[in-house]
Amino acid sequence: MLNGKKVLLGVSGGIAAYKACALTSKLVQQGADVKVIMTEGATEFVQPLTFQALSRNPVYTDAFDEKNPEKIAHIDLADWSDLIILAPATAHLLGRIANGLADDMLTTTLLAATSPVYVAPAMNVHMYAHPSVKKNLIELEKMGYRFIEPGDGYLACGYVGKGRLEEPERIIEVINNHEKKTEVMKGKKVLITAGPTQEIIDPVRFFTNHSSGKMGYALAQAAKDLGAEVTLISGPVSLAKIAGIRTIDVQSADEMYQAVIKEFPEQDLVIKSAAVADYRPKQTSDQKLKKKDGDLVIELERTQDILATLGKEKTNQYLVGFAAESEQPLTYGKEKLKRKQLDAIVINEIGFQKGFQSDHNEVVFYTKDEEEHRIPYATKKEIAEKLMQLVNRKMTEE
Ligand code: CTP
(Lines of atoms letter the chains of each structure in order from A and count residues from 1; the text may use other names and numbers.)
(Lines give C-alpha, C1' and ligand atoms only; values in the text may rest on other atoms or scores of the structure.)
Protein backbone atom coordinates (compact mmCIF):
# COMPACT_ATOMS: atom_id res chain seq x y z
CA MET A 1 0.00 0.00 0.00
CA LEU A 2 2.87 2.39 0.72
CA ASN A 3 4.61 1.85 -2.59
CA GLY A 4 4.69 5.17 -4.47
CA LYS A 5 3.06 7.04 -1.56
CA LYS A 6 4.38 10.45 -0.52
CA VAL A 7 4.95 10.15 3.20
CA LEU A 8 5.68 13.11 5.43
CA LEU A 9 7.32 11.98 8.66
CA GLY A 10 7.20 14.38 11.62
CA VAL A 11 9.78 13.61 14.30
CA SER A 12 9.56 15.29 17.70
CA GLY A 13 12.03 15.46 20.57
CA GLY A 14 11.94 12.22 22.51
CA ILE A 15 14.53 9.53 23.00
CA ALA A 16 12.51 7.34 20.59
CA ALA A 17 13.55 9.72 17.77
CA TYR A 18 16.28 7.18 16.99
CA LYS A 19 13.56 4.65 16.06
CA ALA A 20 12.24 7.14 13.48
CA CYS A 21 15.50 6.52 11.56
CA ALA A 22 14.64 2.83 11.20
CA LEU A 23 11.07 3.80 10.30
CA THR A 24 12.36 6.12 7.54
CA SER A 25 14.54 3.34 6.17
CA LYS A 26 11.67 0.80 6.21
CA LEU A 27 9.28 3.23 4.53
CA VAL A 28 11.84 3.87 1.77
CA GLN A 29 12.29 0.09 1.37
CA GLN A 30 8.51 -0.21 0.89
CA GLY A 31 8.76 2.20 -2.04
CA ALA A 32 7.52 5.33 -0.27
CA ASP A 33 8.94 8.77 -1.01
CA VAL A 34 9.72 10.11 2.48
CA LYS A 35 10.30 13.69 3.57
CA VAL A 36 11.13 14.42 7.19
CA ILE A 37 10.28 17.42 9.36
CA MET A 38 12.05 17.58 12.74
CA THR A 39 11.13 19.70 15.74
CA GLU A 40 13.94 21.59 17.45
CA GLY A 41 13.85 19.00 20.25
CA ALA A 42 14.25 16.13 17.80
CA THR A 43 17.51 17.64 16.50
CA GLU A 44 18.92 17.28 20.05
CA PHE A 45 18.62 13.51 19.68
CA VAL A 46 19.36 12.85 15.99
CA GLN A 47 21.14 14.89 13.34
CA PRO A 48 19.01 16.01 10.35
CA LEU A 49 21.77 14.58 8.15
CA THR A 50 20.82 11.06 9.30
CA PHE A 51 17.27 11.48 8.00
CA GLN A 52 18.52 13.18 4.85
CA ALA A 53 20.77 10.20 4.07
CA LEU A 54 18.02 7.65 4.84
CA SER A 55 15.25 9.46 2.94
CA ARG A 56 17.41 10.93 0.16
CA ASN A 57 15.42 14.15 0.61
CA PRO A 58 16.15 17.46 2.33
CA VAL A 59 15.10 17.58 6.00
CA TYR A 60 12.99 20.49 7.29
CA THR A 61 13.63 21.97 10.73
CA ASP A 62 12.89 25.69 10.47
CA ALA A 63 9.67 27.34 9.21
CA PHE A 64 11.65 30.43 8.17
CA ASP A 65 14.32 28.57 6.21
CA GLU A 66 12.71 28.77 2.77
CA LYS A 67 14.88 26.64 0.51
CA ASN A 68 13.03 27.50 -2.72
CA PRO A 69 11.86 31.13 -3.25
CA GLU A 70 9.14 29.96 -5.65
CA LYS A 71 7.39 27.94 -2.95
CA ILE A 72 6.28 28.29 0.64
CA ALA A 73 7.72 25.17 2.18
CA HIS A 74 5.06 24.31 4.80
CA ILE A 75 2.20 24.69 2.28
CA ASP A 76 4.11 22.84 -0.39
CA LEU A 77 4.94 19.93 1.93
CA ALA A 78 1.36 19.75 3.23
CA ASP A 79 -0.05 19.62 -0.33
CA TRP A 80 2.62 17.13 -1.43
CA SER A 81 1.87 14.53 1.25
CA ASP A 82 -0.43 11.53 0.70
CA LEU A 83 -0.15 10.71 4.36
CA ILE A 84 1.60 12.00 7.46
CA ILE A 85 3.19 10.02 10.29
CA LEU A 86 4.14 11.61 13.61
CA ALA A 87 6.68 9.30 15.25
CA PRO A 88 7.60 9.74 17.97
CA ALA A 89 4.85 12.15 19.02
CA THR A 90 5.83 13.62 22.38
CA ALA A 91 3.36 14.90 24.99
CA HIS A 92 4.40 18.44 24.03
CA LEU A 93 3.72 17.88 20.31
CA LEU A 94 0.29 16.35 21.12
CA GLY A 95 -0.51 19.38 23.27
CA ARG A 96 0.52 21.82 20.56
CA ILE A 97 -1.45 20.21 17.74
CA ALA A 98 -4.52 19.52 19.90
CA ASN A 99 -4.62 23.27 20.58
CA GLY A 100 -4.02 24.39 17.01
CA LEU A 101 -0.59 25.95 17.63
CA ALA A 102 1.64 26.67 14.65
CA ASP A 103 4.91 27.67 16.26
CA ASP A 104 7.38 25.63 14.23
CA MET A 105 7.75 23.95 10.85
CA LEU A 106 6.01 20.70 11.88
CA THR A 107 2.93 22.19 13.55
CA THR A 108 2.52 24.85 10.81
CA THR A 109 2.64 22.15 8.11
CA LEU A 110 0.12 20.02 10.03
CA LEU A 111 -2.38 22.89 10.10
CA ALA A 112 -2.03 23.28 6.33
CA ALA A 113 -2.36 19.54 5.61
CA THR A 114 -5.49 17.69 4.56
CA SER A 115 -3.99 14.21 4.19
CA PRO A 116 -4.56 11.52 6.88
CA VAL A 117 -2.34 11.81 9.94
CA TYR A 118 -1.11 8.76 11.88
CA VAL A 119 0.21 9.53 15.36
CA ALA A 120 2.57 7.21 17.24
CA PRO A 121 2.98 8.65 20.76
CA ALA A 122 5.98 7.86 22.96
CA MET A 123 6.62 9.08 26.48
CA ASN A 124 6.94 8.07 30.12
CA VAL A 125 4.13 5.83 31.45
CA HIS A 126 2.83 8.48 33.88
CA MET A 127 2.97 11.19 31.24
CA TYR A 128 0.90 8.99 28.91
CA ALA A 129 -1.67 8.45 31.68
CA HIS A 130 -1.81 12.18 32.59
CA PRO A 131 -5.30 13.72 32.17
CA SER A 132 -3.86 16.55 30.00
CA VAL A 133 -2.33 14.07 27.56
CA LYS A 134 -5.53 11.97 27.55
CA LYS A 135 -7.60 15.10 26.88
CA ASN A 136 -5.35 16.03 23.97
CA LEU A 137 -5.54 12.51 22.53
CA ILE A 138 -9.36 12.64 22.67
CA GLU A 139 -9.38 16.06 20.97
CA LEU A 140 -7.07 14.83 18.23
CA GLU A 141 -9.18 11.71 17.70
CA LYS A 142 -12.23 13.95 17.24
CA MET A 143 -10.28 15.87 14.59
CA GLY A 144 -9.75 12.63 12.67
CA TYR A 145 -6.15 11.83 13.69
CA ARG A 146 -5.42 8.07 13.78
CA PHE A 147 -3.35 6.51 16.53
CA ILE A 148 -0.76 3.82 16.73
CA GLU A 149 -0.84 3.17 20.45
CA PRO A 150 2.45 2.93 22.29
CA GLY A 151 3.49 -0.55 23.35
CA ASP A 152 4.14 -1.90 26.84
CA GLY A 153 7.71 -2.52 27.88
CA TYR A 154 10.92 -1.08 29.24
CA LEU A 155 11.05 2.70 28.87
CA ALA A 156 14.23 4.75 28.55
CA CYS A 157 13.29 6.61 31.78
CA GLY A 158 13.66 3.33 33.71
CA TYR A 159 9.96 2.60 34.10
CA VAL A 160 8.24 -0.43 32.64
CA GLY A 161 4.79 0.26 31.16
CA LYS A 162 2.82 1.81 28.33
CA GLY A 163 4.60 4.59 26.51
CA ARG A 164 7.14 2.90 24.28
CA LEU A 165 7.04 3.94 20.62
CA GLU A 166 5.66 1.06 18.57
CA GLU A 167 8.25 -0.78 16.53
CA PRO A 168 8.66 0.59 12.97
CA GLU A 169 7.37 -2.72 11.47
CA ARG A 170 4.19 -2.47 13.57
CA ILE A 171 3.68 1.22 12.64
CA ILE A 172 3.89 0.28 8.96
CA GLU A 173 1.54 -2.71 9.46
CA VAL A 174 -1.12 -0.53 11.15
CA ILE A 175 -0.89 2.08 8.38
CA ASN A 176 -1.02 -0.57 5.66
CA ASN A 177 -4.13 -2.17 7.22
CA HIS A 178 -5.80 1.19 7.55
CA GLU A 179 -5.00 2.28 4.00
CA LYS A 180 -6.26 -1.10 2.70
CA LYS A 181 -9.53 -0.59 4.59
CA THR A 182 -10.07 2.79 2.92
CA GLU A 183 -10.14 1.08 -0.48
CA VAL A 184 -13.29 -0.91 0.42
CA MET A 185 -15.82 1.85 -0.33
CA LYS A 186 -13.57 4.22 -2.24
CA GLY A 187 -15.54 6.24 -4.81
CA LYS A 188 -18.90 5.42 -3.16
CA LYS A 189 -21.16 8.27 -2.10
CA VAL A 190 -23.01 7.66 1.13
CA LEU A 191 -25.78 9.73 2.69
CA ILE A 192 -26.66 9.18 6.34
CA THR A 193 -29.32 10.90 8.41
CA ALA A 194 -29.01 11.06 12.17
CA GLY A 195 -30.59 12.42 15.32
CA PRO A 196 -34.07 13.67 16.14
CA THR A 197 -36.06 16.42 14.51
CA GLN A 198 -37.62 19.35 16.36
CA GLU A 199 -41.09 20.52 15.39
CA ILE A 200 -41.69 24.10 16.44
CA ILE A 201 -44.73 25.03 18.54
CA ASP A 202 -43.70 28.61 19.38
CA PRO A 203 -40.39 30.51 19.83
CA VAL A 204 -39.55 28.56 23.00
CA ARG A 205 -41.20 25.16 22.57
CA PHE A 206 -40.97 22.22 20.23
CA PHE A 207 -41.86 18.53 19.94
CA THR A 208 -38.91 16.14 19.69
CA ASN A 209 -37.82 12.62 20.69
CA HIS A 210 -35.04 10.85 22.61
CA SER A 211 -32.72 10.19 19.64
CA SER A 212 -29.10 11.16 20.43
CA GLY A 213 -27.74 10.71 16.90
CA LYS A 214 -25.02 8.35 18.20
CA MET A 215 -25.94 5.47 15.85
CA GLY A 216 -26.04 7.69 12.76
CA TYR A 217 -22.75 9.41 13.62
CA ALA A 218 -21.10 6.00 14.24
CA LEU A 219 -22.36 4.82 10.83
CA ALA A 220 -21.01 7.96 9.16
CA GLN A 221 -17.61 7.37 10.79
CA ALA A 222 -17.63 3.68 9.79
CA ALA A 223 -18.47 4.55 6.15
CA LYS A 224 -15.71 7.17 6.11
CA ASP A 225 -13.22 4.66 7.53
CA LEU A 226 -14.02 2.38 4.59
CA GLY A 227 -13.12 5.23 2.23
CA ALA A 228 -16.63 6.40 1.26
CA GLU A 229 -17.46 10.04 0.58
CA VAL A 230 -19.97 10.71 3.34
CA THR A 231 -22.66 13.35 3.71
CA LEU A 232 -24.35 13.46 7.09
CA ILE A 233 -27.70 15.20 7.49
CA SER A 234 -28.10 15.76 11.19
CA GLY A 235 -30.96 16.84 13.39
CA PRO A 236 -30.08 18.80 16.57
CA VAL A 237 -27.61 16.70 18.59
CA SER A 238 -24.85 17.42 21.06
CA LEU A 239 -22.21 15.35 19.23
CA ALA A 240 -18.99 16.79 17.82
CA LYS A 241 -18.71 17.13 14.05
CA ILE A 242 -16.66 14.37 12.44
CA ALA A 243 -13.57 15.58 10.60
CA GLY A 244 -13.70 14.83 6.88
CA ILE A 245 -17.48 14.37 6.81
CA ARG A 246 -19.70 16.97 5.18
CA THR A 247 -22.41 17.65 7.74
CA ILE A 248 -25.66 19.47 6.95
CA ASP A 249 -27.53 20.62 10.06
CA VAL A 250 -31.31 20.64 9.98
CA GLN A 251 -34.00 21.14 12.60
CA SER A 252 -37.42 19.98 11.42
CA ALA A 253 -38.67 16.95 9.48
CA ASP A 254 -39.43 19.27 6.58
CA GLU A 255 -35.86 20.68 6.55
CA MET A 256 -34.52 17.13 6.66
CA TYR A 257 -36.84 16.17 3.79
CA GLN A 258 -35.62 19.10 1.64
CA ALA A 259 -31.95 18.36 2.35
CA VAL A 260 -32.28 14.60 1.71
CA ILE A 261 -34.21 15.03 -1.55
CA LYS A 262 -31.55 17.48 -2.80
CA GLU A 263 -28.66 15.11 -2.06
CA PHE A 264 -30.41 11.85 -3.02
CA PRO A 265 -29.79 11.66 -6.82
CA GLU A 266 -25.98 11.69 -6.38
CA GLN A 267 -25.82 8.89 -3.80
CA ASP A 268 -24.91 5.20 -4.04
CA LEU A 269 -26.14 4.40 -0.54
CA VAL A 270 -28.60 6.08 1.80
CA ILE A 271 -29.03 5.05 5.44
CA LYS A 272 -31.88 6.75 7.25
CA SER A 273 -31.12 6.34 10.92
CA ALA A 274 -32.73 9.63 11.96
CA ALA A 275 -35.77 9.52 14.21
CA VAL A 276 -37.97 11.79 12.13
CA ALA A 277 -41.14 13.22 13.64
CA ASP A 278 -44.28 11.73 12.11
CA TYR A 279 -46.36 14.76 13.14
CA ARG A 280 -45.81 18.51 13.52
CA PRO A 281 -48.04 21.26 14.91
CA LYS A 282 -50.51 22.35 12.25
CA GLN A 283 -49.87 25.94 13.25
CA THR A 284 -46.78 27.50 14.77
CA SER A 285 -47.00 30.68 16.77
CA ASP A 286 -44.60 33.59 16.21
CA GLN A 287 -45.17 34.66 19.80
CA LYS A 288 -44.80 32.58 22.93
CA LEU A 289 -48.11 30.91 23.78
CA LYS A 290 -49.48 32.30 27.04
CA LYS A 291 -51.07 29.91 29.46
CA LYS A 292 -54.80 30.08 29.94
CA ASP A 293 -57.29 28.33 32.15
CA GLY A 294 -58.25 24.86 31.03
CA ASP A 295 -56.59 22.45 28.62
CA LEU A 296 -54.56 23.31 25.57
CA VAL A 297 -55.14 21.37 22.36
CA ILE A 298 -52.42 21.47 19.72
CA GLU A 299 -53.55 20.07 16.41
CA LEU A 300 -50.91 17.98 14.64
CA GLU A 301 -50.51 17.19 10.96
CA ARG A 302 -48.48 14.45 9.28
CA THR A 303 -44.95 15.18 8.10
CA GLN A 304 -43.68 13.72 4.85
CA ASP A 305 -42.31 10.20 5.21
CA ILE A 306 -38.84 10.84 3.79
CA LEU A 307 -37.86 7.17 3.59
CA ALA A 308 -41.05 6.13 1.84
CA THR A 309 -40.53 8.94 -0.71
CA LEU A 310 -36.97 7.71 -1.37
CA GLY A 311 -38.30 4.13 -1.73
CA LYS A 312 -40.62 5.32 -4.51
CA GLU A 313 -38.08 7.54 -6.26
CA LYS A 314 -34.93 5.45 -6.02
CA THR A 315 -33.09 4.45 -9.16
CA ASN A 316 -29.76 2.75 -8.43
CA GLN A 317 -29.36 3.78 -4.78
CA TYR A 318 -29.15 1.12 -2.06
CA LEU A 319 -31.68 2.21 0.55
CA VAL A 320 -31.49 1.25 4.22
CA GLY A 321 -34.08 2.22 6.82
CA PHE A 322 -34.23 1.89 10.58
CA ALA A 323 -37.06 0.55 12.69
CA ALA A 324 -37.01 1.25 16.41
CA GLU A 325 -39.79 -0.81 17.91
CA SER A 326 -41.03 -1.33 21.43
CA GLU A 327 -42.94 -4.55 20.59
CA GLN A 328 -42.70 -7.33 17.96
CA PRO A 329 -39.61 -5.72 16.37
CA LEU A 330 -39.08 -8.32 13.64
CA THR A 331 -42.70 -8.38 12.49
CA TYR A 332 -43.01 -4.58 12.36
CA GLY A 333 -39.51 -4.13 10.92
CA LYS A 334 -40.04 -6.58 8.06
CA GLU A 335 -43.41 -5.00 7.30
CA LYS A 336 -41.69 -1.53 7.16
CA LEU A 337 -39.10 -2.83 4.69
CA LYS A 338 -41.87 -3.89 2.29
CA ARG A 339 -44.11 -0.85 2.81
CA LYS A 340 -41.27 1.66 2.28
CA GLN A 341 -39.69 -0.36 -0.60
CA LEU A 342 -36.28 -0.64 1.09
CA ASP A 343 -33.28 -2.78 0.19
CA ALA A 344 -32.57 -3.47 3.85
CA ILE A 345 -33.67 -2.46 7.32
CA VAL A 346 -31.94 -2.25 10.68
CA ILE A 347 -34.37 -3.37 13.35
CA ASN A 348 -33.83 -2.62 17.00
CA GLU A 349 -35.94 -3.13 20.06
CA ILE A 350 -36.00 -0.09 22.30
CA GLY A 351 -35.12 -1.15 25.83
CA PHE A 352 -32.87 -0.83 28.86
CA GLN A 353 -29.34 0.25 27.80
CA LYS A 354 -30.14 -0.19 24.11
CA GLY A 355 -31.32 2.12 21.37
CA PHE A 356 -32.12 5.76 22.13
CA GLN A 357 -29.42 7.72 24.07
CA SER A 358 -27.44 4.58 24.91
CA ASP A 359 -23.87 3.94 23.73
CA HIS A 360 -24.91 0.36 23.04
CA ASN A 361 -27.36 -1.42 20.84
CA GLU A 362 -28.42 -4.81 19.57
CA VAL A 363 -29.90 -5.02 16.09
CA VAL A 364 -31.11 -7.28 13.32
CA PHE A 365 -30.07 -6.45 9.76
CA TYR A 366 -32.74 -7.73 7.39
CA THR A 367 -32.61 -7.52 3.60
CA LYS A 368 -35.27 -7.56 0.89
CA ASP A 369 -34.04 -11.03 -0.18
CA GLU A 370 -34.78 -12.19 3.38
CA GLU A 371 -31.24 -12.47 4.70
CA GLU A 372 -31.30 -11.99 8.46
CA HIS A 373 -28.20 -11.11 10.49
CA ARG A 374 -28.41 -10.66 14.23
CA ILE A 375 -25.72 -8.32 15.60
CA PRO A 376 -25.50 -9.02 19.35
CA TYR A 377 -25.25 -6.39 22.11
CA ALA A 378 -22.20 -4.20 21.47
CA THR A 379 -21.14 -0.56 21.32
CA LYS A 380 -22.77 1.51 18.60
CA LYS A 381 -19.29 1.91 17.06
CA GLU A 382 -18.90 -1.87 16.75
CA ILE A 383 -22.46 -2.29 15.47
CA ALA A 384 -21.92 0.48 12.89
CA GLU A 385 -18.74 -1.20 11.61
CA LYS A 386 -20.50 -4.56 11.22
CA LEU A 387 -23.51 -2.94 9.56
CA MET A 388 -21.33 -1.08 7.04
CA GLN A 389 -19.56 -4.32 6.12
CA LEU A 390 -22.90 -6.10 5.62
CA VAL A 391 -24.38 -3.21 3.63
CA ASN A 392 -21.26 -2.98 1.47
CA ARG A 393 -21.37 -6.72 0.74
CA LYS A 394 -25.05 -6.58 -0.25
CA MET A 395 -24.44 -3.51 -2.45
CA THR A 396 -21.61 -5.25 -4.28
CA GLU A 397 -23.78 -8.34 -4.82
CA GLU A 398 -26.48 -6.28 -6.59
N1 CTP B 1 -38.75 8.04 8.59
C2 CTP B 1 -38.68 9.01 7.62
N3 CTP B 1 -39.57 10.04 7.62
C4 CTP B 1 -40.54 10.10 8.55
C5 CTP B 1 -40.64 9.10 9.55
C6 CTP B 1 -39.73 8.08 9.55
O7 CTP B 1 -37.79 8.96 6.78
N8 CTP B 1 -41.40 11.11 8.52
C9 CTP B 1 -37.78 6.93 8.55
C10 CTP B 1 -36.83 6.86 9.70
O11 CTP B 1 -35.65 7.60 9.44
C12 CTP B 1 -36.53 5.37 9.80
C13 CTP B 1 -37.80 4.72 9.32
O14 CTP B 1 -38.51 5.72 8.60
O15 CTP B 1 -35.50 4.98 8.91
C16 CTP B 1 -38.67 4.15 10.37
O17 CTP B 1 -39.23 5.12 11.13
P18 CTP B 1 -40.46 4.81 12.15
O19 CTP B 1 -40.94 6.10 12.70
O20 CTP B 1 -40.02 3.80 13.13
O21 CTP B 1 -41.49 4.17 11.18
P22 CTP B 1 -42.89 4.62 10.71
O23 CTP B 1 -42.97 4.32 9.28
O24 CTP B 1 -43.16 6.01 11.10
O25 CTP B 1 -43.83 3.59 11.41
P26 CTP B 1 -44.59 3.65 12.82
O27 CTP B 1 -44.56 5.04 13.30
O28 CTP B 1 -45.93 3.17 12.46
O29 CTP B 1 -43.86 2.69 13.69
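Note: Cβ is positioned from N, Cα and C throughout, glycine not excepted.
Those TrEMBL annotations? Automatic predictions, nothing curated.
The region 'Phosphopantothenoylcysteine decarboxylase' feature in TrEMBL is assigned to 1-189. Taken from TrEMBL, the feature domain 'Flavoprotein' applies to 5-175. Look at TrEMBL and you will find Cys157 tagged as active site, proton donor. Feature annotation from TrEMBL assigns domain 'DNA/pantothenate metabolism flavoprotein C-terminal' to 185-392. The region 'Phosphopantothenate--cysteine ligase' annotation in TrEMBL covers 190-398. Sequence annotations record features per position, and here TrEMBL assigns CTP binding site to Asp278, Lys288, Phe322, Lys336, Lys340.
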Counting other Cβ atoms within 10 Å of each Cβ, which of the binding-site residues Lys288, Lys336 scores lowest?
Lys288
Which one is it, among the binding-site residues Asp278, Phe322, Lys336, Lys340, that lies nearest to the residue listed as 'active site, proton donor' by Cα separation?
Phe322
Neighbourhood of ligand 1 - recorded positions from Cys157, Asp278, Lys288, Phe322 with Cβ under 6 Å:
Asp278, Phe322
Per the record, CTP is bound by Asp278, Lys288, Phe322, Lys336, Lys340: how many Å separate the farthest pair of Cα atoms?
38
Within 10 Å of its Cβ, which one of these recorded positions (Cys157, Asp278, Phe322, Lys340) has the largest number of other Cβ atoms?
Phe322
